[in-house]
Amino acid sequence: MLYVLPAVLLLFSLAFVVVWAVDKLRRYLLWCALCFLCIGLAMLAQLVDIPVDDGQNTMLTATVYVLGALAGGHGILRRSGLSLSLWFCVASLVLILGGIICFLYLYPSLLGRVYVLNLGLACVILGIVWHLRGLVHGSPADKLILGMLVLVAVQFFPRTLLTAHSIVSEDTPVDFAFTPFWQWTVFSTAVAAVIAGLVLFAAAGADRFDELVHERDSDPLTGLLNRRGLEAHMLAMERNNISGWVVACDIDYFKTINDVYGHATGDAVLKEFADVLQSHLRSRDLAARTGGEEFILYLDDMPSDAAFALVENIRESVTTHEFSRLSTGVNVTCSFGVVRLRHKDDLWQAVERADKVLYAAKEAGRDRTLFEENFS
């Protein structure tokens with residue numbers, strides 16, 4: 001039974017490697033695997049007394065424990081596109097190992113070393129939590145990971161403060177394994193390891209699911225929403241009784257661009273056009289490509305003059321934009337049809353109305369913005 005926990009930790013480490021082998025985009029799982037591997041090997045080294053020398057064993061296992069915590073923290077940060085700074089890693093190692101050296105050689109005290117290592121690891125994990133504090137506003141998986149890290153860090157304090165006194169300096173490794181401190185360490189670490197492992201696996205699964213949903217709901221050429229994605233976002237927003245503006249947009253004479261320059265250039269124009277659209281939208285606005293050169297915008301509620309100014313800014317930006325694949329001096333223009341979307345209005349009925357206004361804008365000469373209220 002002494003070796004059950006190290007075995008569990010090593011199995012989790014192997015499982016992370018297997019999941020990474022299946023989905024190599026999630027490289028942060030390798031850091032998580034290294035975390036569990038380090039902690040498992042450090043616990044095993046303490047139990048089998050390798051190396052035999054007490055000082056060497058203490059320094060080796062403490063170093064591996066700290067490296068394991070840093071590896072796990074770095075892996076979780078990499079999932080969010082962040083990383084641990086070098087100074088944080090160096091400071092963690094220097095402070096914890098420096099304290100252990102102090103209580104190992106200058107003021108020999110096993111109890112002191114236990115306090116330094118355990119409370120030091122708790123502070124390292126809390127430092128990682130601080131790096132990840134932005135996750136409190138993230139997805140459910142982000143919040144779950146943040147909560148898990150707080151739980152893992154906090155469990156060090158009561159366990160260490162309440163049971164560390166049971167250790168005496170003359171304990172042999174076998175006796176140490178039966179102290180209340182070690183038994184509570186095994187129990188709390190086992191619970192924390194299982195929770196952490198399951199949370200990280202669940203987060204990896206949630207990330208993959210979100211990626212699949214994004215692929216399903218996005219236009220592969222422009223990165224904007226597709227028809228299904230627009231509908232899904234609008235349905236989610238309709239629960240809050242949204243109102244705003246629906247804008248139908250069409251690139252003028254796009255067929256001519258394809259005929260003269262080829263479809264590859266046409267695709268490049270669509271990508272750049274989508275970038276121009278996105279650059280003008282606010283956080284609650286939506287942009288979708290619904291087919292060919294046709295785009296739909298949803299603008300969150302604002303006065304009609306503000307909506308007109310925003311759409312006109314987009315139109316003028318497109319007109320003055322130098323498209324990289326087109327000849328110098330060749331301008332791209334576009335037309336817009338804008339309609340009001342009121343509470344409980346059907347999205348696609350509003351889109352149909354916007355298309356009619358767009359058609360009227362084209363009939364009136366293209367390169368213009370037309371509102372339904374002006375059209376009617």
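Cβ coordinates are placed from backbone N, Cα and C, and glycine is handled just like the others.
Residues annotated as domain 'GGDEF' in TrEMBL: 242-374. Per TrEMBL, the feature transmembrane segment maps to 6-22, 29-47, 59-77, 84-107, 113-132, 144-161, 181-206.
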Interface present between the transmembrane segment (84-107) and the transmembrane segment (181-206) (three or more C-beta pairs under 8 A): no
Residue counts (helix, strand, coil, in that order) that DSSP gives for the domain 'GGDEF' (242-374): 63 helix, 32 strand, 38 coil
Any contact, the transmembrane segment (113-132) to the transmembrane segment (59-77), with at least 3 Cβ pairs under 8 A: yes
Sequence-remote partners of the transmembrane segment (84-107) [C-beta within less than 8 Å, at least six residues beyond its ends]: 55, 58-59, 62-63, 66-67, 69-70, 73-74, 77, 113, 116-117, 120-121, 124, 127-128, 131
Folded-back contacts onto the transmembrane segment (144-161), same chain, C-beta under 8 angstroms, at least six residues removed: 76, 79, 114-115, 118-119, 121-123, 125-126, 128-129, 132-133, 135-136, 181, 184-185, 188, 191-192, 195-196, 199-200, 202-203
